[in-house]
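Chemist: Below are the features listed in Swiss-Prot for this protein:
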- 1-24: signal peptide (SIGNAL)
- 50: 4-carboxyglutamate (MOD_RES)
- 56: 4-hydroxyproline (MOD_RES)
- 64-73: disulfide bond (DISULFID)
- 69-81: disulfide bond (DISULFID)
- 74-91: disulfide bond (DISULFID)
- 79-93: disulfide bond (DISULFID)
């Protein structure tokens, strides 16, 4: 089988939701909420965890250990999410 055919076969098998171009971490959850969010709640570790499900009814989503801003995760704690006209959401971090 030629290499191109193998690559195309692999891309068809692996859903694109496994890959996150925004730099966040894709995490598996369930229909009641996100598994990573519940894990972080144990022991008071959920202070800054924010999660969102990619599509309604999906068990896949993205979780940030910092602030979630639009489709991205901010690089550090203490950042705020701002909206720039024509550029979309972005993180504004102190210092």
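Note that Cβ sites are derived from N, Cα and C of the backbone, with glycine treated the same way.
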Chemist: Just checking: which of 50, 74, 81 have a Cα that is within 10 Å of the Cα of residue 93 (disulfide bond), counting only these recorded positions?
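Modeler: Checking Cα-Cα distances against residue 93 (disulfide bond), the recorded positions within 10 Å turn out to be 74, 81.
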Chemist: Fill in the CA-CA distance, residue 91 (disulfide bond) to residue 73 (disulfide bond), as an integer in Å.
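Modeler: One finds 8 Å between the Cα atoms of these residues.
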Chemist: Using Cα-Cα distances with a 10 Å cut-off, which of the recorded positions 56, 64, 73, 74, 79, 81 are near residue 50 (4-carboxyglutamate)?
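Modeler: For residue 50 (4-carboxyglutamate), the recorded positions whose Cα atoms are within 10 Å come to 64, 73.
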Chemist: Can you give me the Cα-Cα distance between residue 79 (disulfide bond) and residue 69 (disulfide bond) in Å, rounded to a whole number?
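Modeler: With the alpha carbons as reference points, the distance is 10 Å.
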Chemist: Roughly how many Å separate the Cα of residue 56 (4-hydroxyproline) from that of residue 64 (disulfide bond), to the nearest whole number?
Modeler: 19
Chemist: Check each residue in the chain of residue 74 (disulfide bond) that is at least six apart in sequence and keep those whose C-beta is under 8 Å from its C-beta; list them in sequence order.
Modeler: 64, 66, 67, 68, 81, 91, 93
